[in-house]
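Copied over from TrEMBL, here are the features:
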- Cys10-Cys13: disulfide bond (DISULFID)
- Cys354-Cys357: disulfide bond (DISULFID)
- 1-92: domain 'Thioredoxin' (DOMAIN)
- 288-431: domain 'Thioredoxin' (DOMAIN)
- 436-457: region 'Disordered' (REGION)
Amino acid sequence: AGVPVGIPLCGHCKSLAPEYEKAAQLLSKHDPAIVLAKVDANDEKNKPLAGKYEVQGFPTLKIFRNGGKNIQEYKGPREAEGIVEYLKKQVGPASKEIKAPEDATYLEDGKIHIVGVFTEFSGTEFTNFLEVAEKLRSDYDFGHTVHANHLPRGDAAVERPLVRLFKPFDELVVDSKDFDVSALEKFIDASSTPKVVTFDKNPDNHPYLLKFFQTNAPKAMLFLNFSTGPFESFKSAYYGAVEEFSGKDVKFLIGDIEASQGAFQYFGLKEDQAPLILIQDSDSKKFLKEQVEAGQIVAWLKDYFDGKLTPFRKSEPIPEANNEPVKVVVADNVHDVVFKSGKNVLIEFYAPWCGHCKKLAPILDEAAATLQSEEDVVIAKMDATANDVPSEFDVQGYPTLYFVTPSGKKVSYEGGRTADEIVDYIKKNKETAGQAAAADTEKAAEPAATEPLKDEL
């Protein structure tokens, strides 16, 4: 059964509601039964339920099977027909038996499919295969057979058991004989993404793009104009580099600048820098080679793997005039203002589109104006969408505020959101020059032997 968890005032919940009702009607006569239910998470008596199932946002849809023993996130469409088709796929066995060649024709439909080839449908390998199929059935089609020769490019003499993954890219077919559940999941995850993900306007590439940007692995991205003459030479050089560094823990993408405007904005790139390669090592560590030539790709990537490159930082220009009560800081001067100025700094990380940030802006202006005579206090703000946020700060939403003292003490500000409350907080928690000096002296006096201990902890 599909269960959405929402609140009555949620805009996305209101948009989903009529489609969900329509899907429920279409599925009401389905055999076996598919029941759609809903929960109002705003109701006090339902809040423990939302907590139990780790509901973080609204609407959240979950699929319950086997009396709640098997629970999965719903990852399908949000319109009625799409909901119906997606849920129909969730009923019945997670893996279908391939008994004859005609049962396997779907394996060549240009999608990703996983087939287990066994000597018999029993034992640990088969059980583990079905467990993975059940867990990943929302993302892939699974099949199983004892007749390897029924499969496209099948070989009756193939050594069994094995898992064969069919895909419409790279080597087309790849096998694994490791039936450990975790190993199977990793094999499917690694094999179901192209060696080089293409970022263009082709909707077929969209699932691979989502997977690429969601991975925690380092990402290498080559952006250029696909419609210009040098494209083929760049593509050939890039694919050659991918093969050369195939053993490295890095994912690769090639992107058309016409389709990649969102990525350019996110990373702070400009079209006149292309062709360019960007490596995102982590959220706060990036490396950029602009105006790259095809023949430089391998050498530059080698320098990255050898640790020879200097990180690139997304930053707005440092303001020439910064005379307003709330000071504007950017990635290129945030450390100077916040950590090296010798002042008590309240810094806001905001997004221009954020409604709560817009509401807070005049309040911070008022607080900063009130404190203008306090020479050891600064209230500052940074556009976190246009600048890389320093690794010292954890910014998960907007606005996020931190209070940093001259000695380097850093506290997430969770106080009131009126000007008076902000002013009171700063006055009560700020350090004087003497306190900051004492804190620095205390730090300097700490025995050096404690440093390795800190690292180990």
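Note that Cβ sites are derived from N, Cα and C of the backbone, with glycine treated the same way.
Bear in mind that TrEMBL entries carry predicted annotations, made automatically and left uncurated.
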In whole Å, note down how far the CA of Cys13 (disulfide bond) lies from the CA of Cys357 (disulfide bond).
24
Can you tell me whether DSSP puts Cys354 (disulfide bond) in helix, strand or coil?
coil
Could you say which of the disulfide-bonded residues Cys354, Cys357 has its Cβ with the most other Cβ atoms inside 10 Å?
Cys357
Residue counts (helix, strand, coil, in that order) that DSSP gives for the domain 'Thioredoxin' (288-431):
44 helix, 27 strand, 73 coil
Across the whole of the domain 'Thioredoxin' (288-431), what does the mean pLDDT come to? Round it, please.
93
Hey, how far is Cys13 (disulfide bond) from Cys354 (disulfide bond), Cα to Cα, in Å?
20
Within 10 Å of the Cβ of Cys13 (disulfide bond), how many other Cβ atoms can be counted across all chains shown?
21
Tally of helix, strand and coil residues over the domain 'Thioredoxin' (1-92) according to DSSP?
40 helix, 18 strand, 34 coil
